[in-house]
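Peer 1: Would you mind keeping the following structure in view while I ask a few things?
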Amino acid sequence: MPLQSTLSGGSSGSSKAEITQSDGKSFEQLRQECLQKGVLFEDPDFPATDSSLFFSQRVPVAIEWKRPTEICTDPRFIVGDADRTDICQGQLESTPRLPPGDCWLLAAIASLTLKKDALAQVIPRDQEFDRRYAGIFHFQFWQHNKWLDVVVDDRLPTVRNNLIMLHSASNNEFWSALLEKAYAKLHGSYESLKGGSTLEAMEDFTGGVGELYETKKAPGDLFSIMKKALDRGSMMGCSIDITSSAESEAKLNNGLVKGHAYSITGMEEVNYRGGTVQLIRIRNPWGQVEWNGPWSDKYDFFFFFLQPSSREWNYVDAAEKRRILQNSTEDGEFWMEFEDFKANYDRVEICNMTPDALTESTKRHWEVNLFEGSWIRGSTAGGCRNYIGHKVMMKVTLRCPLIPLNLQSADTFWTNPQFKLKLEDADDDDDDVCSVVIALMQKNRRKLRKEGLDMETIGFAVYEAPEHEDQASKDFFRYHASKARSRTYINTREVSERFTLPPGEYLLVPTTFQPHHEADFLVRMFSEKKAGAVEMGSTVDADLPEPPPPSLPEEESDEEKGLRRLFDQLAGEDKAISVRELQQMLNGVLSRRKEIKFDGLTLSTCHSIINLMDVDNTGMMEFQEFKVFWEKMKKWIMLFLSYDTDRSGKMSSYELRTALKAAGMQLNNSLLQLIGLRFADANFDIDFDDYLTCIVRLENM
């Protein structure tokens, strides 16, 4: 069954947030305990130690963790209102060896301050440095379809009494520094926040739906799309691509910075020299590093008022100029012409509070289906459509250009998790098609960085679903083209696309770019009309043939007579064989079959065989029981050989679903993943002994 959606739509704190503290206590419980004891909270889950800062290196400077009350005399949580001027990059110039790279988060927080409903969800207003102060604060973030309440103490990293991470322009305001600390705790450390997509944090602040536009390939109405996004309360960011790590954070002559995350805070159309000019307002979290081209707003003092020095503003009506510039600041925020924006920036990231298309004037009601799944090596990590059995080259985009790609041949695409979406009714305003938004998100990758893992390169494909199949087969994908797919595979947390499809049943296949790469994921499927959705391959069933009736000795075949003679040689007076005798017999028989390559069956496998066939519970196997087993064995051998295509004595663990189904057993993805982990080797192969053990144990269940 699909999960229930928690898409916030910008709710004002009404969503119930899940407690995340390891002791199961809520913020209120912890604060009350501290007040009663007269102590300040110290978070055992995120201690004020080097491990909370870095996981890959030693702290290169002397860090002091200080509470706001130790940094200034009159600390405040929020001074006035939380706004975009409260977000400043940390004082890294005094500690040059500390790794920067969280500008993407700063840009997202700046955008968050423009949406007060979302801000109230993330920053509960029940905390301040007043009589209820206990050194504890809390924030709420959306993670994988649920809101989490993250508690932190207020000890912050400083060098020479200066905050080295995010901080406010006001020396006595601490909401932004504490918000960053809570977000770092959510992901395991401050270092885990290094490098990222602004869209990632925007979604964590809202539960919204992301869209990505490339400015060089954008639709002609991109300005209208972006302005409508701001009007609807969407959050936006932008960036300039890099081609090598050396270009990261490189300042250009025009004042812009490559590989740097900016937030978009305003869009305007102004009358200019008898025509109309489209302008965009952008904010750099660094502060003073700004665009210095046309329409830039470096300020001069003129009769005690700040006036922009760029000459283009001289040709704008004074009242219109005052209206546009009244909220502009000198803290890294600047205006530029939209055509210059498209020429200089490469990406626009938009986080919508709902899946409504920004090209439409009306808002819709959206239905959503959500599923969680996993790509597991050896069973469901099949890779993209390049691994479909014939060559289909997929487009891949890497946010980091240094990630190597191994494009070795494989035939595993069909083993990926599959989801069926049933679109029955067309949209209200269209008789022929259904609007669908598909968003694929990989889970917990930042937290896994300390284990050497990072974002996988992900994407998806959509097919017309085959009829009457629980799991689309290898041949289906070989002979059917996709009906829709993600425009590119990219190593960001989420990939989302908008489609219009005719009513019908569709198969969604989310994948990593390469096979054998593991990750957990969440997929969200939005539709205007209610749609049915189900995970494919979820059936667990067995259709095992009845054993044949025992045959009389005089009716036995030559093979059976040979087996009886061997059996009688091993059996004692009780006419039954033990586990060790069964092992000796099967190893002797199977070793003479040239087509089977194996090192001999283990005692464990033979134990499982006797448990399967021992109907009278003697712990031994009689000949009639052995005959029934041997008929099964012959079928299992033929199945194994049909999948051992290179005659190596092994079969791919990715083929296990089909092999077991042919043996009468149908398993879901979870069971297949467990079996793959148990029996497959490092090359995702299963030898005959493990294959036999697997089938026998499954029949025993």
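Just so you know, the numbers here start at 1 and follow the chain as drawn.
Glycine too: its Cβ is placed from the backbone N, Cα and C atoms.
Note that TrEMBL annotation is computational and uncurated.
TrEMBL feature annotations, pasted as is:
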type	residues	note
REGION	1-25	region 'Disordered'
DOMAIN	40-354	domain 'Calpain catalytic'
ACT_SITE	Cys103	active site
ACT_SITE	His260	active site
ACT_SITE	Asn284	active site
REGION	539-561	region 'Disordered'
DOMAIN	631-666	domain 'EF-hand'
Peer 1: Take the domain 'EF-hand' (631-666) and average the pLDDT across it for me.
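Peer 2: Taking every residue in the domain 'EF-hand' (631-666) and averaging pLDDT yields 89.
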Peer 1: Taking the Cβ of His260 (active site) as the centre, how many other Cβ atoms fall within a 10 Å radius?
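Peer 2: Looking across every protein chain shown, the total is 22.
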Peer 1: Could you give me the DSSP helix, strand and coil counts for the domain 'EF-hand' (631-666)?
Peer 2: 23 helix, 5 strand, 8 coil
Peer 1: Within 10 Å of the Cβ of Cys103 (active site), how many other Cβ atoms are there?
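Peer 2: So the Cβ neighbour count for Cys103 (active site) comes to 25.
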Peer 1: What's the CA to CA span in angstrom from His260 (active site) over to Cys103 (active site)?
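Peer 2: Cys103 (active site) has its Cα 7 Å from the Cα of His260 (active site).
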Peer 1: Any idea what the Cα distance is from Cys103 (active site) over to Asn284 (active site), rounded to a whole Å?
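Peer 2: A Cα-Cα distance of 8 Å.
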